[in-house]
Amino acid sequence: MKKTTLLVILDGWGYSDSDYFNAIKNANTPTWDSIWQEFPKTLINASSLEVGLPRSQMGNSEVGHVNIGCGRVVYQELTKIDKAIEEKTFGDNKAICAAIDNVIKNDSNLHLIGLLSPGGVHSHEEHIFEMIKIAKQKGIKRLYLHAFLDGRDTPPRSAEKSIKKADKLLQDLNLGYIASVCGRYYAMDRDNRWDRVEKAYNAIVNANADFIYDSALEALEQSYARDQSDEFVIPTCIKKDGHLVKVQDNDSVIFMNFRADRAREISHAFTDESFDHFPRKKHLNINFTTLTEYDSKLKCAVAFPPKQPINTLGEVLMKNHKTQLRIAETEKYPHVTFFFNGGREEQFEGEDRILIPSPKVATYDLQPEMSAPEVTDKLVAAINSGKYDCIVCNYANSDMVGHTGNYEAAMQAIEYLDKCIARLKDAILEHDGNMFITADHGNADMMVNPETQKPHTAHTTNLVPFIYVGHKKAQVALEHGKLSDIAPTLLNVMGIAQPKEMTGKTIFNFEK
C-alpha cells in the first residue's frame, strides 16, 4: 500500500492580514485555523516576476499551475509578446504576416477577435492595439474588431475606457470599426455551455444577434441599462452606415487571446470541419490564426507556438515509476492536467485523471460549494485505496465564487472548503501520507476594493499559503519562496532526486 503525497491547490486562496471583505479570513474555518497553528507553514509568491509575468502583474490559474508543475519560473506568453512588441519583431511574425498577406491577396477583410481588456490574464488590449497599427502599416484596408468584454479580471463596469481607446485608434487610422461586442461569459466559455458560444459565434460570423446598435459605446450603455455588466453583455452587432459585418470565405481571423483554456471552444467552432455542438451555416474557408496554441488538435496557424518543458513533475514521477492522479472539476480540470504538465495534452504512463462536472448554474455564487463534495469523495477514496504515490487536486471554489463579487457566497465557499480539508487531513494522517496545501493566486482574500468600495472580482497579488500536513518533522528551509519551489519540495519528501531542469528549491527540509 502506497503512502500518498497529496498536493491540494485552493484556487484563488490568497493570504491577507486585512479583514476588510476578506472572505477567507472572516469565514468560519476551524480546520484551517488549527492546521495553520499546528503544522509547518510559510507564504510564497504567486504573481509578478516570480512566476514569469511582468512586474506587479497578478497571477492566474494557468500561470500558477504551469509554474507549480514545471518546478521552474516559466516565462509567460504575456511577457514573450510584450518583448516582441518592444523589440519591434511582432509585425515580422510568420503567422501574423501570413494572415495579413491572405487578406491583401484576396482583397478581403481582417477580423480581430479577443478580450479587449487591460487585465493581462487572458489577453492584453495593448496587443490588440499593436496588431491594428501593424495591419495599417502592411496595407490592410478593412479591419473589424470583435470585442469580448471582461469585467472579471477588471472591475465589472470598466469596458468604456477600452472601447473608447479602440474606437479612437481605428478612427484615427481610418481602418475599420468595432463590429460586435460580447461579454466573455458567452465567447469565452470553457465548460461546454455551447448555447453561450453559439450566440457569440453567430454575432461575429453571421451578424445575427439579439441586439444591433450604431456603436460599441451605445451597445455598452444599453447593456448597463439592462443591468448587464461587462462580463455578461449579450452578443451585440454594430451597424455602420447601414452595414453589418460578417466573416466570409477568404477572410483572415486573428484570435488575440494568449491564454488557452477560455479560447478553445469558440476556436473549434471556427475551424472544425465536423463541428457538431451547434449548427453552423457552413464551414468557413478562412485563415484562422491564434496568438498562442490553444489546443494541439486545432487546425490553425499559431503566432507564438509553445516550447515543451522537459522534466516536469509529472514526467519525473513517471521516470521513477510512480503512480499519480490528477483530479478537479470541469472549471479547473485543464489546469491540473494540460497546464500542470507544461502544455502537454497526453497523460504520462502511470497518470490517471478524474474529471468531476461543474454544476450547471449561471454563476457560482448560486452554488458556492460547486462540485467540491464530489471531488473530496473521490480524493478520500483514492487516498484510502493506497494506489497512488502522488495526487494533485484543485478546488475551484475560492476563485470561481470570488469572481462573482458576492462576498457572502465567497465566505460560504470557504467554509465548505474547510470541511473538505478536514476530511483530507484525516485520510492523509490515517495512512501516514503527506499533504501540501497551497494556492495558485489570490482572489477571495479581497472581495471589495477598499478604494472604490465596489466589488473586486479580479485576482489579487497577495502571497499564498504553503502548508505541510503529515507525521514527518519539517522545517522551513526557504524564505521568500515561489510557486516553482513546490515541485522540488514534493520530490524531496518523496525521496526523488530533483532534475537539473527544475531550478526551484525545496521549501521544507524533512527529517530522514
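A Cβ is built for glycine as well, from the same backbone N, Cα and C atoms used for every other residue.
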Among ASP11, ASP107, ASP485, indicate the single residue that Swiss-Prot lists for the Mn(2+) 2 site containing SER61, ASP440, HIS441.
ASP11
Since Swiss-Prot lists ASP399, HIS403 for Mn(2+) 1, which candidate among HIS431, HIS459 does it give for that site as well?
HIS459
Please state which member of ARG190, ARG326 Swiss-Prot lists alongside HIS122, ARG152, ASP153, ARG184, ARG259, ALA260, ASP261, ARG262, LYS332 for binding substrate.
ARG190
Can you list, in sequence order, the residues of the same chain other than ASP11, SER61, ASP440, HIS441 whose CB lies within 8 Å of the CB centroid of the Mn(2+) 2 site?
ILE9, GLY12, ALA46, GLY59, ASN60, GLY64, HIS65, LYS332, HIS335, ASP399, ALA439, ASN443, HIS459
Need the DSSP three-state call for HIS403 (Mn(2+) 1 binding site) to compare against my parser.
helix
Give me the count of other Cβ atoms within 10 A of the Cβ belonging to HIS122 (substrate binding site).
25
Argmin Cα dist to ASP440 (Mn(2+) 2 binding site) over the binding-site residues ASP153, ARG262, HIS459 returns HIS459
Nearest to ARG262 (substrate binding site) in three-dimensional space, by Cα, is which of the recorded positions SER61, ASP399, HIS403, HIS459?
SER61
Long-range Cβ environment of HIS459 (Mn(2+) 1 binding site), under 8 Å and at least 6 residues apart:
GLY12, GLY14, SER47, MET58, GLY59, ASN60, VAL121, ASP153, ASP399, HIS441, GLY442, ASN443
Reduced DSSP assignment, SER61 (active site, phosphoserine intermediate):
helix
